[in-house]
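Step one of this worksheet: look at the structure below.
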Amino acid sequence: MPKLIKDGDITEDNWLPADTDAEAPPAGHLPSLAQWQALPDKSGSALQLEPGDDVSNVLPSLDQLVLVAVHFPVFTDGRGFSYGRELRERGYRGELRALGYFLPDQIHYLQRCGFDAFQFSDEARLEEGLRQANLSAEHYQAAIDEPLPLFRRRV
Amino acid sequence: MYLYDQYDQRIVDERVNQFRQQTTRYLEGELSDAEFLPLRLQNGLYVQRLAPMLRIAVPYGMLNSAQLRKLAHITRHYDKGYAHVSTRQNIQLNWPQLEEVPDILEELASVQMHAIQTSGNCIRNTTTDQFAGVAADEREDPRPWCELIRQWSTFHPEFAFLPRKFKIAVCASEEDRAAIHAHDIGVELLANAAGEYGFRVLAGGGLGRTPVIGAVVCDWLEKKHLLTYLEAILRVYNQHGRRDNKYKARIKILVKAMGVDAFREAVEREWEILRDGPSTLTEEAIARSKSFFTAPAYATLDGEASAQSLQARCAAEPIFGNWVLRNTKAHRVPGYRAVTISLKATGFAPGDVTDQQLELLADMADGFSFGELRTTHQQNMVLADVEESALYTLWQQLQAAGLATANIGYLTDIICCPGGDYCSLANAKSLPVAEAIQVRFEDFDYLYDLGPLELNISGCMNACGHHHIGHIGILGVDKKGAEFYQISLGGSQSKDAAIGKILGPSFSQEDVPEIVEKILATYVALREEEETFLQTYNRVGIAPFKEQVYAKTH
Ligand code: SF4
């Protein structure tokens, strides 16, 4: 079972990354955006977003989703950071998972953008990822983890 | 000047620790070269042709004397005894050791400095007018707004992995001394019809391979919305900017591709969600930022008497008088002037400053200008608040240190990137070209007769030397493995911003000074009365210059 970081710990779950070529999601695999859109019933559904996917397609069904995984094919592609914030700002409350090739050093920013689960394609990253997931830090700007910018909090 | 409190200090200290840890993991092989790359870039560390290069942030160009002394110490202890002022008002070190960079960052943090986001595909140092707070044509001090932007953009979690680098400049005066049309976002403070101050926001300007003048995205924005509006622009760019080709990844390409109206609509759509949210600036936040940029304790001086005695001094000692005329500028407070210190002496790389000079400049800042100094995007330095009665003493000290070259705004005040001598991206060297031109135009009378002239040199298309917006621009190009130089004319960085036109086929390095001379001789022959080079060029166009330069001599 794939391992991931969640709730301040390393855990496992059953979801496998999306198979975008298939018409329907194979059993156990996350649906891609197109596969998910074809689902007749979206309640309790999960979904995997790719960079370049149009997030506005998902916005009307946010309360039916329990898991949105955002795929990072390469860690320098920062679109996923905006997807995370967009989803959270528009009210998504389910699990928001970063998936793929990103760095432990990005976990903190991902958390700030609303991500709460982290699944590296390279599981050797888990320990360092966990360490970085539990760091606290001060920030200037408002984000999902801290809705007030420092200028509204300075004492 | 902005001073850190415990929050700012904690933010910077945390970053030093984080980078120390990242450097260790890199050296131990846990992070690959490719993975360490963006992490080190976001801490200002490049790997250049000869050694790493560390770019230290100088937020909107402000430095105090303690910081100058620290920089002197760092250049001496960790580098080869000199530093370089970049065209983004930052300070660059050309020879630091990778292993020592965490220590350098720690030293910087002890004087409230850092190298955060000075490179990489993130929001870079915000720049502004070097005469902020003292310029007579200022509408309002731009620095409090720059500081608010600095804080908002520092470690912004959403925008650390943008398609490409992102530069913001702020202008709050009649004359644009911040080149806002040539930035990814340009912010201009101006009044609306009701006389209320707000911001005009431009987007999609930029130099580089495809130079573009920024387009107006928002005509007038209430001040409190500044950050949410910037955030909306960045969000559109982060999601839709191209990532498949780094030469097409800047926001200017996106704005062009979408068209400015569609781009504006997309921004407005994002802004709807963010507008009036918690990042809307509060009165207190604005007041707090402004409180760091109040006027220093100016003496009450008799402006007329002061001007008269200065005039007498200038008349008695013409060399001093000439320096006052060329290198100092009117101040809004009677009895004061703003002094530009030229880092463009012939024989020294434009913008270079030694450790000893840095220390001397620190003493001068303390002695003459309330302990502060500024860097400029023309790669010079400014003491902004000098009493007229102290100018003579200051000038003597500058002269003794080789810092009194009276060429500010003239041909030899060349903007020049480090080029092929240091930069691994270069097509050609730029420093020897600058020097050859300075040597050729040593006659100051001729220089002054030529009037205001901006000559900018870049070693490659990345345009760090802003060649597109020089009245004369020189660009290093690669021609079958040999270094050549393309010359353009008519660029401008002020409110009438323009991109220079290419003159024609490129030239070899030895020929450049002579070509520049021909261009200037053409100008001198064609100019009418008081016309500047740019005015003549705009009147007659490029054709006469072309004719003269490419005329067959036989
Ligand atoms: S313009 Fe080119 S050569 Fe010059 S510093 Fe920039 S990247 Fe290097």
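Including glycine, each Cβ sits where the backbone N, Cα and C put it.
Note on the domain 'Nitrite/Sulfite reductase ferredoxin-like' (B:53-110): mean pLDDT across this stretch is 94. Marked as domain 'Nitrite/Sulfite reductase ferredoxin-like' by TrEMBL: B:53-110 (among others).
The feature domain 'Nitrite/sulphite reductase 4Fe-4S' is assigned by TrEMBL to B:119-272 (among others).
Within the domain 'Nitrite/Sulfite reductase ferredoxin-like' (B:338-401), the DSSP-based counts of helix, strand and coil residues read 27 helix, 18 strand, 19 coil. The domain 'Nitrite/Sulfite reductase ferredoxin-like' feature in TrEMBL is assigned to B:338-401 (among others).
According to DSSP, the domain 'Nitrite/sulphite reductase 4Fe-4S' (B:413-549) comprises 56 helix, 28 strand, 53 coil. Annotated domain 'Nitrite/sulphite reductase 4Fe-4S' per TrEMBL: B:413-549 (among others), in sequence order.
Here the listed stretches are B:119-272, B:338-401, B:413-549, and the one with the most C-beta pairs under 8 angstroms to the domain 'Nitrite/Sulfite reductase ferredoxin-like' (B:53-110) is B:338-401.
Taking H, G and I as helix, E and B as strand and the rest as coil, DSSP gives the domain 'Nitrite/Sulfite reductase ferredoxin-like' (B:53-110) the counts 29 helix, 14 strand, 15 coil.
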